[in-house]
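*Asks:* Annotations for this protein, taken from TrEMBL, read as follows:
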type	residues	note
DOMAIN	13-153	domain 'Methyltransferase'
REGION	24-44	region 'Disordered'
Amino acid sequence: MAAGAPQGHARYDNFKPLIGCPPGKKLSEVGSPPNRKPGEDGGKWLCTPLEPEGPECVVYSLGSASNYYFEEDVLRTTNCKVWTYDCTVDGRSSNPERHFFHKKCVGPNTFDGMFSNYISWDGIVKSNNHTHVYILKADVEGFEWGFLSSWRADTPGLPYMLAVEFHLDRLSTGPGPLQPNPGADVSRFDQMWMRQTISQVELALFFQHLASLGYAPISREDNPWGTCCAEYVFLRVESHRRTHARPPVRRRR
């Protein structure tokens with residue numbers, strides 16, 4: 001790392017929240033465990049009350065680790081339906097009519113054969129026949145970079161609210177107390193999860209990519225258990241077409 005370069009959570013300091021919630025809404029924690037334990041994820045800071053527009057409310061939760069507090073809170077406070085994706089656990093449905101678990105993990109592409117348990121965003125929304133998504137919550141241990149980088153202006157079902165935890169470091173090199181058991185071969189975790197170290201330039205380009213799709217950050221929460229990670233929430237305030245619209249050219253007659 002270059003001398004004087006930001007370290008730890010300071011690497012996120014150039015990417016502060018830019019806007020607040022829409023009028024009549026406020027940031028509130030959704031899905032916080034009732035008795036949160038050290039190292040356990042908290043809830044997600046979203047603009048509440050959750051009042052989706054349209055005939056159907058769709059919420060996606062990517063990465064659960066068998067923690068369904070977020071899903072259950074959404075089910076309790078809204079009429080939304082929730083889809084959970086996680087290939088690392090044998091999950092369950094907490095409500096057979098409104099909550100659906102799929103034992104799959106996410107990536108930039110959908111694969112066949114030995115990697116058939118990975119599915120892309122296009123694959124998710126198309127398999128469920130969804131065109132509008134209200135909330136996407138993602139904690140996918142470094143897979144967020146490739147997964148979200150695959151989004152384009154014409155990607156179907158881009159969510160209105162995006163809550164994602166960013167992971168900047170490999171487990172074997174990342175600073176902070178969040179480490180596997182002493183003596184563990186952490187390099188195999190990097191290989192298994194495809195964890196990579198994200199530079200400041202790459203992080204800036206990634207935020208620019210989200211901005212080009214109309215996303216603005218409304219919240220940042222640093223992970224207290226590891227300086228690699230921070231939870232961000234974004235609102236899609238502008239569609240890509242409007243964001244990149246050019247003013248009309250008036251011609252002289």
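Placed from the backbone N, Cα and C atoms, the Cβ positions cover glycine too.
Remember, TrEMBL labels are computer predictions, not curated facts.
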*Asks:* How does the domain 'Methyltransferase' (13-153) divide up by DSSP, counting helix, then strand, then coil residues?
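*Replies:* Its residues fall into 25 helix, 32 strand, 84 coil.
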*Asks:* Let me know the model's mean pLDDT on the domain 'Methyltransferase' (13-153).
*Replies:* 87
